Amino acid sequence: MSKYIIQGGAPLIGKVKLSGAKNAGFKQMIASLMTDEVVNISNTPSVRDVGVLKEIITDLGGQVKVGNSQRVTLSGKGLRSFEIDPKYGSSARVSSMLVGPLLHRFKKAAFPRPGGDRIGDRPIDRHIDGLMAMGAKIEEVGEYFVVSARKLKGTHYRFSKSTHTGTETLVMCAVLANGKTVLENAAAEPEVDDLIKLLNSMGAKVSRTKKRTIEIEGVSELHGAEHTVMPDRNEAVTYGCMALGTKGDIFITDAREEDLKAFIQKVTEANGGVEVKSNGVRFFTKGPLRATYVETEIHPGFMTDWQSLWVTLMTQAEGTSEVIERVFENRFAYVANLAAMGAQIELHNPKIKEPETFYEFNTLKKDPYLHAAKITGPSLLGPINAEVSDIRAGATLVLAALIARGKTELSNIEHIERGYENLEYKLRELGAKIYKV
């Protein structure tokens, strides 16, 4: 098991280039399996989740080749099995998204119960219901979900709550279905639109007719295409918080203002420096940070993926900040480690009149978690020896370690490598003292 050793206390200064978005790239790899022709995807990040997906595709008989400059070449030609090995269930929850390519080819798909980050229930029922509306039969057989349909049919379906993965899964299923599909309350994230862009270049007929409405006219087949994955906005926010937290100055090449509006707004409120240019965004320290109030939201709001980074940054702000987590039910597990480093954070449940409407997770079941944090700062953080539990919590601990005085050791960093490409190298180029052992 590898670990990071980080000597904190130094400002990060310089330029960093964003990788392709992990949450877009590996889903586009899945979409590429819907044709026997070759699909070339450039700017695919070299992260652990992409590597796991490559193994899954190879096991199923599909063709995937990773070339230079993050270029991946794929084809569904050769797929020979509709059943995903259960060993992948806890490694990459995107195994459930393979239902589209497998169902269209074999009339059946079997995938293990999704895993991934331990950040609360990921409500797969939201796209299981959508598949049933398209005529699929769903069975639970042992540790598998088994989906079967001779031919999916177009439908008019409304998601009960917004779901990123559910939207993408149903879009992929609908492109080769009979007739027209309309998805309402569909996710509006730019990664979804990037997937739609790829599918349309493959011959699909998908359009976003309203902010949260997607229409798909089924076609008989898809063909090969060339596509470049969008830049990773989560990585941009990570380096933005690192610039501000270490009192540094970082220009993030390929960061796009339109992907970061909610974050930039909060940085401005916190008295952080922001400079938007045509080829990227600069984040820099211009004075003491101020406390802020944040609610995580679905796009275009403040992303849940940014929440733990922002809480950590607010430990360095003057005053008391509050962050309410509306998207996932259990995303404050990392707070215990921050408290051990000296952060002053109090978890609580805010008084909400209509929680089922306010929160994006299912609130009707028993919920033992706290959904908000009050952060009092500035706090002098010290080092820690800790184990990483998921991608964003791992990046959060790296941020805290860079801010802290002293030497921090982080183990189980494979979680970080699931979503961040060359993090250690990029940070050292910015002046961080970080080593992988």
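Heads up, the Cβ atoms here are built off N, Cα and C, so glycines get one too.
Features reported for this protein in TrEMBL:
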ACT_SITE  ASP117  active site, proton donor
BINDING   LYS22, ASN23  phosphoenolpyruvate binding site
BINDING   ARG93, ASP305, VAL327  UDP-N-acetyl-alpha-D-glucosamine binding site
DOMAIN    7-427  domain 'Enolpyruvate transferase'
REPEAT    178-211  repeat 'ANK'
Folded-back contacts onto the repeat 'ANK' (178-211), same chain, C-beta under 8 angstroms, at least six residues removed: 21, 23-24, 27-28, 31-32, 34-35, 39, 41, 130, 134, 151-164, 166-168, 170-172, 217-219, 221-227, 229-230, 233, 258-259, 298-300
Spatial separation of ASP305 (UDP-N-acetyl-alpha-D-glucosamine binding site) from LYS22 (phosphoenolpyruvate binding site) - C-alpha basis, Å: 13
Cα separation, ASP305 (UDP-N-acetyl-alpha-D-glucosamine binding site) to ASN23 (phosphoenolpyruvate binding site) (Å, whole number): 11
Residues of the repeat 'ANK' (178-211) by DSSP state, where helix covers H, G and I: 12 helix, 12 strand, 10 coil
Long-range Cβ environment of ASP305 (UDP-N-acetyl-alpha-D-glucosamine binding site), under 8 Å and at least 6 residues apart: ASN234, VAL237, ARG392
